[in-house]
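Here TrEMBL flags 4-121 as domain 'PLAT'. Marked as Ca(2+) binding site by TrEMBL: Gly19, Asp41, Asn42. Residues or ranges marked as site 'Essential for stabilizing binding to COTL1' in TrEMBL: Trp106. Taken from TrEMBL, the feature domain 'Lipoxygenase' applies to 121-671. As annotated by TrEMBL, Fe cation binding site applies to His369, His374, His548, Ile671.
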Amino acid sequence: MTMAEYKLEITTGDLPYAGTSDYIYVTLVGTEGQSERTLMDNYGFDFQTGASGSYTVKTSFSLGKLLLVKVEKNQYLCLPEEKWYFSKMVVTTPEGDVILYPCYRWISRGEMVELRGGRAMKAFEDDHPLLIDHRKKELMLKKSLFQWTSMGEGLPHMNSFNDVSEIPAEMPFYDSRIADFNYSRQKIGIELKIKGLLGSTAYWETIEDMKNIFWYKKTTMAEYVADHWMEDDFYGYQFLNGVNPGVIKRCSELPTNFPVTEEMVKPFLEVGSSLQKEMEKGNMFLYDQKKMDGIPPAAYNGEPLHVTAGLCLLNVNPENKLMPIAIQLNQQPSEKNPIFLPSDTESDWLLAKMFIKNADCMDHESVHHFMRTHFLTEVFAVAALSSFPVIHPMYKLLLPHFRHTLHINIRARLSVLGPDGSLSKSSLGLDGVKELMRRDLSEMTYSSLCLPENIAARGLESIPNFYYRDDGLKLWNIIQSFVKAVVEHYYPSDCEVQRDTELQDWISEVFTHGFLGNKASGFPAAFHTVEEVVKFTTMVIFTPTVQHAAVNSGQYDYNSWAPNSTLRLHKPPPTTKGQSSMKTVLETLPNVGDTVILAGIMWLLSDRYSNYIPLGTYPEERFDEPEPKQMKKEFQAALSCLSEAITTRNSHLELPYTYLDPAEIENSVSI
């Protein structure tokens with residue numbers, strides 16, 4: 001009798017300690033039967049880190065169409081347990097078909113995994129009872145693993161894992177990255193202790209002393225910030241290209257609670273112009289932190305701190321620079337809430353700008369960074385992990401952009417939102433920042449997360465020198481083109497979208513647990529068309545990649561220098577003009593110990609660690625069809641072309657904007 005031979009190529013991951021000495025068994029299951037449980041054993045060492053091995057499974061007859069591959073790991077001799085990182089298997093059938101079986105997870109001793117291979121499949125495309133049953137069981141297991149719990153009333157829901165050790169093997173966080181992070185934290189602590197800065201309650205004697213906090217953490221941008229933070233044009237520049245570029249809006253009419261007059265600002269406008277003319281020309285912009293109004297501040301040493309829900313009016317001058325020209329530190333005008341102007345004393349104007357940036361720093365960290373990128377991505381991820389089997393095309397498309405989200409968010413809820421976390425050291429405190437996030441989510445709209453609509457709604461289409469907009473819109477279009485190609489390949493009609501119960505389950509979970517069922521937000525609760533899927537998926541991929549890079553990567557550059565931006569200010573804001581001095585400025589800033597702790601946090605949050613995967617790089621091979629593989633190559637080529645253009649543009653700028661260079665954007669939220 002002629003034997004049928006199946007050629008297997010099994011690849012072990014290249015992560016540290018990915019290999020194993022244990023026995024690996026494989027069983028092939030097809031429409032016509034299944035193979036014997038076969039030991040994968042060649043001469044020499046099998047399954048070493050980063051290695052691929054070729055094996056043969058023989059059967060007395062063809063198994064027909066292959067349905068599943070079962071892989072088991074059992075103990076070899078008396079060796080201690082060692083997990084195996086199983087990357088993938090490629091099976092060549094006797095009929096010449098070559099089928100990919102992706103795994104990309106750690107396998108424990110005694111564990112058996114069942115893998116499906118070949119073309120990505122939607123639920124209604126499965127027609128074999130074994131595959132239908134396998135899909136059903138996989139989803140039941142996933143829904144039992146990936147469950148929801150509350151982060152607090154009015155906040156996005158989160159995964160239910162209490163510790164990173166509970167995260168299933170589908171979402172690994174590599175030990176080398178944890179080691180890098182811990183090493184950086186230890187290095188920061190040692191340096192600050194040696195210098196006697198850690199825990200110091202003294203106040204800074206001079207601004208210049210702050211330049212010596214760290215010996216070894218220097219960036220060109222951070223040094224520029226330390227030298228230019230007092231300058232008005234650089235202050236305005238940060239609302240466009242700093243770490244919080246999503247807050248100002250074009251101002252065509254002043255709010256009634258911001259009584260800026262023509263006489264106040266005329267000296268700071270183009271000669272012959274006026275406030276009204278500048279608004280008509282589209283040259284006036286407003287920062288308004290009204291959502292922070294009324295939130296009680298935290299206490300420090302038994303005394304309440306101060307939160308200023310202020311307003312700042314900015315003007316694009318004839319040199320195309322965005323300049324602050326009027327600041328009011330609280331929402332309601334009064335004699336004790338004056339409007340500060342660039343013509344006021346240097347220290348008064350500096351203090352006014354510092355209090356605006358203090359509010360902006362808290363808003364940035366809690367809302368625009370953690371909630372709108374970290375926590376929303378977690379919602380997208382948990383919904384996908386519980387709604388899609390691994391064979392689903394949307395799972396294959398989305399998973400690389402969720403790779404480390406659960407792990408980093410579990411850690412962040414301790415290191416950022418925990419009792420000793422960074423936001424506990426803010427002027428708002430933990431209760432205050434949670435209230436701020438709660439207010440933001442209640443007002444959040446779908447369009448605000450879609451960059452083209454966000455820019456248009458804020459009237460920022462033509463403001464000059466807005467590199468976040470320029471690079472971000474190009475990246476949105478590149479991601480959208482890639483997503484459109486993939487989605488339309490698997491969903492050739494709106495009918496297929498409507499029939500996909502797993503896809504509908506995903507968007508329903510996101511709407512319910514991310515946006516709390518708020519219909520007024522404009523977020524979809526169901527998908528009806530291919531176009532809707534493309535738009536939403538573009539936003540989902542844009543958020544943990546491009547948007548996260550924009551609000552995360554520059555944190556050390558801009559926020560480690562406390563006079564420029566800090567989470568906490570100690571003295572109350574000025575209520576009258578002409579009563580402050582540079583001594584007041586120094587006393588308003590955090591003390592030495594608090595300053596260095598906050599600077600160290602910014603170092604950790606914006607550093608690059610090992611296993612960095614740039615946007616569009618997919619080391620895991622999940623798609624088996626040639627079409628999505630080609631789409632991926634075109635996506636990568638477009639990103640590379642944009643990277644070259646940004647590098648060329650930056651070579652001509654005094655302040656290069658690098659945060660949205662595709663080579664500098666990570667493929668998922670991982671820090």
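Glycine is treated like the rest: Cβ placed from N, Cα and C.
Since the structure is predicted, the reported quantities are computational estimates derived from the model, not experimental observations.
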Just name the most isolated of the binding-site residues Asn42, His369, His374, going by other Cβ atoms within 10 Å of its Cβ.
Asn42
To test your reading of the Fe cation site: which residues beyond His369, His374, His548, Ile671, same chain only, put their Cβ within 8 Å of the Cβ centroid of those residues?
Phe370, Thr373, Ile408, Ala412, Pro544, Val551, Asn552, Leu605, Val669
Check: same-chain CB within 8 A of Ca(2+) site center, minus Gly19, Asp41, Asn42:
Ile24, Met40, Gly44, Phe45, Asp46, Phe47, Gln48, Gly53
Please work out the mean pLDDT for the residues of the domain 'PLAT' (4-121).
94
Near Asp41 (Ca(2+) binding site), which residues of its own chain have a C-beta under 8 A away, given they sit six or more steps off in sequence?
Tyr23, Tyr55
Cα-Cα distance linking Asn42 (Ca(2+) binding site) and His548 (Fe cation binding site), given in Å to the nearest integer:
46
Looking at the recorded positions Gly19, Asn42, Trp106, which ones sit with their CA no more than 10 Å from the CA of His369 (Fe cation binding site)?
none
Could you check the binding-site residues Gly19, His548 and say which one's CB has the most other CB atoms within 10 Å?
His548
Which numbers of helix, strand and coil residues does DSSP report for the domain 'PLAT' (4-121)?
0 helix, 61 strand, 57 coil
Compute the C-alpha separation of Asn42 (Ca(2+) binding site) from Trp106 (site 'Essential for stabilizing binding to COTL1'), stating it in Å without decimals.
22
